[in-house]
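Student: The structure that follows is given in the form of structure tokens.
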Amino acid sequence: MFVIETRRNSAREINVVVSSHSNDIPSTKNEVTFVAEERNNSEGLKRSPPIADASVLDRQSLLLRAVASSRHSQSSQSSNTTTTSNNYDDGITVASISRLRNTCHGNTGGESSSLTATASGGCLNMTLRGGANKYNQQISQSTELTCRSDYISPYVCKRLLSLSEDMNLLVRNITKEAKTLVHAETCSLFLLDKEHSELVAEVFEKNGTSDEYLTEIRMPLSQGIVGHVASTGQMMNVNDVYNHPYFYPKVDERTGFVTRNILCFPIKDSSGNLVGVAELCNKIGKQAFTRHDEQIATTFAVYCAISISHCLLYRKLQEAHRRSHMAAELLVQGSTLSIAPEDILRFTVRDIPASTSFHADFTQFFFVPRSIGTGDTYIEASLSMFKELGFIERFRLRRRTLARFLLMVQKGYRDVPYHNWSHAFAVGHFCYLLVRTAAVRSALTELERLSLFVACLCHDIDHRGTTNAFQLQSKTPLAQLYSSEGSVLERHHFAQTVSILSMEECNIFDQLTRQQYQIVLDNIREIILATDIAAHLRKVDRIKKMVEDGYDR
């Protein structure tokens, strides 16, 4: 077991006594006197508690061996020894000898504070300069690497894995952590775009305080140091980038950043497949990135690969869920239910009744269509209107197909308070009254009248009982699909109409020519989109102007 004692000899001198007591190490007691550059208020003897058994914490024992052996090298090179001091919370001044270096970033005490017992949780920083022996240098460098690697192991991995839901946030954190661990000025992370065989930098970390989003940087897999690392799968540590044949200077020209040196390493998943490439630029305080930086980058790349792979998997699951949800939303209401053959027979074996058989005032504008009943009555009345408008005979509409079409339209409406099948029938009835008038018959072609009547029956299919504004604010699948074009619900109603017409034995326009079919669909689309209430006031003004000035075809 090792014990460190410090005694202040004077205002500027501290005497350090290192004692070893262990079964496998001969008992020794060595003293070293250090000259402090600053004074502090602590006086007297400060004795540290026992640190750790050498068999348990080999790293601490090696460092303490080095401290104990420093007495011999001090006696021969005392004239070359320089000291500095560090002030810690308990007021003790701990000297930093020039022959040792132990930089344990983030150490806050506990088992890892083997050389900081007299510093109350601070870190003993011993700076290695000329005159140090090679053995002590290797110990200090190995300890530094071990401390830095231990620092990133548990915490960074946990932090990165917790960001699996947001790729942009994950990339920003990866660049920050990588930059901090190896002390680089900047870090960029290029993700692999397999479809285009390119590397894409979505985030470029410009400084230590904020992330600056630049225009997306894309690089072919065969271009630049990044492309070479992606192609070979090997890390590259380049000291003078502008003299390197693989360096691609256009990124510097584009961003205004001047690159001096680069440490570039691949990020691979557990199967060895490339996920991306990280590029660290400009080592801070040194001319180039060191071998220890390479080892840290290799370890860090494993964490990056795990977190990015998890994020990509999460994104795929979210996309699959979104597509599944959207597919369910786009299904025609009731389309999964088959139309029973007997239902179709009810409307095909009997003659189509006259409209006045439902009510004597059926052909009057003041008639309330909802008064005739529901269910089969609406279907029969719709067949009657198709017949009396001349559409069945003129366009050779098959009776069975028309009955199935009307039944599917009926099923397509949800049971909402207003935008339901009764509302659609009422609008269709009003259209029926309009197109029967001589004025409208002379103004519209037969195809236009057919389009108008079908559009009125279908104009609110699968309405959710909400507004377009609600769809947009709630970011529903319908809003994601149609928001860029506007009129979310109206576009959905038209899509549902086309879906029904595309079903087997539901296409009532199958006897039309290709040109006529396209005209009818275009008309139906325009009419249904015109029902968007957001544009109502503009349309009212146009209608008033047409009434005053007349209608010119």
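From the backbone N, Cα and C atoms, a Cβ is placed for every residue, glycine too.
Curation plays no part in TrEMBL annotations; they are all automatic predictions.
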Student: Looking at Zn(2+) 1 binding as recorded in TrEMBL, which candidate out of HIS423, HIS429, HIS492 goes with HIS459, ASP460?
Tutor: HIS423
Student: Once near-sequence residues are set aside, which residues in the chain of ASP460 (Zn(2+) 1 binding site), 6 or more away, have Cβ atoms under 8 Å from its Cβ?
Tutor: TYR413, HIS419, ASN420, HIS423, ALA424, HIS493, THR531
Student: If you run the three-state DSSP split on HIS459 (Zn(2+) 1 binding site), which class comes out?
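Tutor: It is coil.
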Student: What residue among the recorded positions HIS419, HIS459 has the most other CB atoms lying within 10 A of its CB?
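Tutor: When each Cβ's neighbours within 10 Å are tallied, HIS459 leads.
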Student: What are the other residues, in sequence order, whose C-beta lies within 8 angstroms of the center of the C-beta atoms of HIS423, HIS459, ASP460 at the Zn(2+) 1 site?
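Tutor: Those within range, site residues removed, are TYR413, HIS419, ASN420, ALA424, VAL427, CYS456, CYS458, ILE461, HIS463, HIS493, THR531.
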